[in-house]
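Asks: Got a structure for you, questions after.
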Amino acid sequence: MDGREAMAFPGSHSQYYLQRGAFTNLAPSQVASGLHAPPPHTGLRPMSNPNIHHPQANNPGPPFSDFGHTIHMGVVSSASDADVQPPPPPPPPEEPMVKRKRGRPRKYGEPMVSNKSRDSSPMSDPNEPKRARGRPPGTGRKQRLANLGEWMNTSAGLAFAPHVISIGAGEDIAAKVLSFSQQRPRALCIMSGTGTISSVTLCKPGSTDRHLTYEGPFEIISFGGSYLVNEEGGSRSRTGGLSVSLSRPDGSIIAGGVDMLIAANLVQVVACSFVYGARAKTHNNNNKTIRQEKEPNEEDNNSEMETTPGSAAEPAASAGQQTPQNFSSQGIRGWPGSGSGSGRSLDICRNPLTDFDLTRG
């Protein structure tokens, strides 16, 4: 038929005549319209897999089922060859795995030090003096006080000890605190006091009547003072005094130096005692003297203990020698059934440390 053949498509009633061999580069839309295929576009490429067939070729229509040509469908690529990205670079080579050592790891391993740091580290000088162990000299309490001056070194106290003094109702608080400070040759500092006062006698230095007495009750607001040891007046001589601030029920306050302070109920006074000045030096010297006196006594006691065991060992040895002579044949007998009981008793008396031989009859 002049190089053309008729082809019918499903769903249509008209017949189309197409030239033979025109289906190799036709798109499906062009085949359906019956138009001749235009020249192939540069962006169109034939399908690389020849096994894929158009569904219309596998399903022949009823009028013309022996159509002998195969229609190859190609995939249209919108990207050009220039837009193809290059393949990714190969991954870097993996580092060789370090073989793990067998066994239990060390608890305190040596730090890893590079060769460069070892070479750069300076060598220790053998002539350099070694650092002494312990606290360096000049860091003690006396050295720190010496930096502040001689007056600070001589005025610093030692052996600080806190105290709580309890005064019952009706007792004089000032007299009780003074008697407490006279018990030992130590300075006493009053920190505070709490309680109720029934009456107080204050010293007013500017008035003609130096003693003013007030009747309470009063509440103690503040209570303080100090008693220092008088070096020239004896061990019981003290210098110093007490001061108090009291509050009345109406809110008024009276204060001044204390001459007499009577407690209305239990009053507690917090104080501290310490050694200072020349007493501190004497205290240290006395401690050294006591230690020196104790050391010879301990040496004498040790020498007596060394001589005592030797002298005690001699009577013990003599007693050990006399003990076998007190044994008699009547007190020690042989085993029952043996005919030589008296002979064994004599052997035991001669040598009391001899073991018994159970194999003998």
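Keep in mind that glycine also has a Cβ here, set from the backbone N, Cα and C atoms.
Copying in the features that Swiss-Prot gives for the protein in this structure:
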REGION    29-143  region 'Disordered'
COMPBIAS  48-59  compositional bias 'Polar residues'
COMPBIAS  85-95  compositional bias 'Pro residues'
MOTIF     99-107  motif 'Bipartite nuclear localization signal'
DNA_BIND  99-111  DNA-binding region
DNA_BIND  130-142  DNA-binding region
DOMAIN    154-297  domain 'PPC'
REGION    286-361  region 'Disordered'
COMPBIAS  306-322  compositional bias 'Low complexity'
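What's the neighbourhood like for these features in this structure?
Replies: Across the range of the motif 'Bipartite nuclear localization signal' (99-107), the DSSP-based residue counts are 0 helix, 0 strand, 9 coil.
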Asks: What residues elsewhere in the chain lie close to the motif 'Bipartite nuclear localization signal' (99-107), defined as a C-beta under 8 angstroms and at least 6 residues from its ends?
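Replies: Non-local partners: none at all.
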Asks: According to DSSP, how is the compositional bias 'Pro residues' (85-95) divided among helix, strand and coil residues?
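Replies: Tallied per class, the compositional bias 'Pro residues' (85-95) gives 0 helix, 0 strand, 11 coil.
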